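Heads up: the structure comes next, in structure tokens.
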Amino acid sequence: MIKNLLLPRKLVLLLLASANTWNSCVQKVQKALLQSDVHAKSDKSPVTVADYGSQAVVSFVLQKELSSSPFSLVAEEDSGDLRKEDGQETLQRITKLVNETLANGGTASPLSDQDVLAAIDSGKSEGGSLGQHWVLDPIDGTKGFLRGDQYAIALGLLDEGKVVLGVLACPNLPLQSLACHDQHTIQGKAGCLFFAQVGTGTYMQSLDGSEPRKVNVSCTENPEEASFFESYEAAHSMHDLTSLIAKKLGVKAPPVRIDSQAKYGALSRGDGAIYMRFPHRGYREKIWDHAAGSVVVTEAGGVVTDAAGKPLDFSRGRYLDLDTGIIVTNQKLMPTLLNAVQESLKEKASSL
């Protein structure tokens, strides 16, 4: 159980204020897309000043507000590369950006480089089934961020291994449904915040602080009328498999391909009816890529399972050990979708 039921709403308001000041900074970085903002991690995946800075800001704010409670954070980044000699210039840029953000949010005392490193490294928790653990993806969809497209700041709370709270800040997601846009020419006012707490539903508001409104997943029952989301990057999900599944379902609309957990947010408000993700063999899903998004969708009336129809298990540490992939839809479509997924997986396996 959540120990303090007043905390989630207070935290949402706090994160909204932090998201506004932080987004103004990271969007400057995104618009510039300077090559110097990209720092290659040891595993060769791209990480920007914004990734590290976002983790430092969220970690610092959480620890400050939760100073009376045990603090555990499972987050994507660590400071190892920043502590190396060739990472010092990047570290200085991160510290500058973090202090600008915190100053805009009313924090007067600047952080040192060492303070920032410590804030980043507070995310080294392994999580698990005991106690409470915050789960953070500081910039989910880094490649989308670098392209100037969709990304999200995703924060969830685990309580005894279950996701009980989720917040998604999606600065580039339009307030109007994606169904109203050509996905390649998205226009209009953007910047959405989704938040959900178990038992209370899912809400969306603009990042400028508009009144929140309750949202629900699509009520589509006919798969032919459904549209589906998948990862923008083919390297992140097997597009040939999702295409086969869509064909079996009779889906007529082309896939909507966008980065990050913005897909979960869009699905929670009914922009589409299905989200499918099938990583290539050998890839292990991380809990920060799905924790916040999964509760945002389920509290909006959706269902999130692996390819075998089992609920995602966030209690086993930093990774999700699941069957083949992740499928998300409404309760009425799930049986049909699950059947199409399993048939397609068998066909694909038999063709190898």
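Placed from the backbone N, Cα and C atoms, the Cβ positions cover glycine too.
Please treat TrEMBL annotations as automatic predictions, because they have not gone through curation.
Feature annotations, courtesy of TrEMBL:
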- E76, D137, I139, D140, D289: Mg(2+) binding site (BINDING)
- 1-21: signal peptide (SIGNAL)
Point to revise | Residues close to Mg(2+) site centre defined by E76, D137, I139, D140, D289, Cβ within 8 Å | key: D51, L136, P138, G141, T142, A152, A154, S260, Q261, K286, W288
Check your understanding: For the binding-site residues D137, D289, which one has its C-beta crowded by the most other C-beta atoms within 10 angstroms?
Key -> D137
Practice item. Inside 10 Å of the Cβ of I139 (Mg(2+) binding site), count up the other Cβ atoms and send me the figure. Key: 27
